[in-house]
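What Swiss-Prot says about this protein:
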type     : residues           : note
BINDING  : 79, 82, 84, 87, 88 : Ca(2+) binding site
DISULFID : 6-120              : disulfide bond
DISULFID : 28-111             : disulfide bond
DISULFID : 61-77              : disulfide bond
DISULFID : 73-91              : disulfide bond
DOMAIN   : 1-123              : domain 'C-type lysozyme'
CARBOHYD : 45                 : N-linked glycosylation site
């Protein structure tokens, strides 16, 4: 599913303030991480990242390429590619608990200031 900024804002509403992260920071980070696309897959040197939050099979989820993953979120990685982002959000909260928002490289580089543009402006 390809989300819009406003759709994603509604879906991520319960993360607003979680781990002291403001919603616009998260929306910005997800834009630069996956382009709001639940089917985004990025191959890295030693791991693959899945879905909206680009969750890695090295630590967080299990895939056929990563049977030795610690699988902290106790889930198969392909679950992060469907339209239901409930499980993605649960895993993202674990990542926020353990690693913080800077787990997503885009955050520090692109999403720490001028965040007004990431707010959903309701007509």
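Each residue's number is its place along the chain shown, starting with 1.
Placement of Cβ uses the backbone N, Cα and C atoms for every residue, glycine included.
Rounded to a whole value, the Cα-Cα separation of residue 91 (disulfide bond) and residue 120 (disulfide bond) is 24 Å. In this structure, residue 79 (Ca(2+) binding site) is part of a helix by DSSP. Reported as a whole number, the C-alpha separation between residue 111 (disulfide bond) and residue 87 (Ca(2+) binding site) equals 24 Å. On the backbone, the CA of residue 6 (disulfide bond) and the CA of residue 82 (Ca(2+) binding site) stand 19 Å apart. Closest to residue 79 (Ca(2+) binding site) by Cα-Cα distance, out of the recorded positions 28, 45, 73, 120, is 73. In this structure, the C-alpha atom of residue 88 (Ca(2+) binding site) lies 10 angstrom from that of residue 77 (disulfide bond). Comparing the disulfide-bonded residues 6, 111 on other C-beta atoms within 10 angstroms of each C-beta gives the minimum for 6. Cα of residue 77 (disulfide bond) to Cα of residue 84 (Ca(2+) binding site): a span of 13 Å.
The highest number of surrounding Cβ atoms within 10 Å, among the binding-site residues 84, 88, is found at 88. Within 10 Å of residue 82 (Ca(2+) binding site), as judged by C-alpha distances, no disulfide-bonded residues are found among 28, 61, 73.
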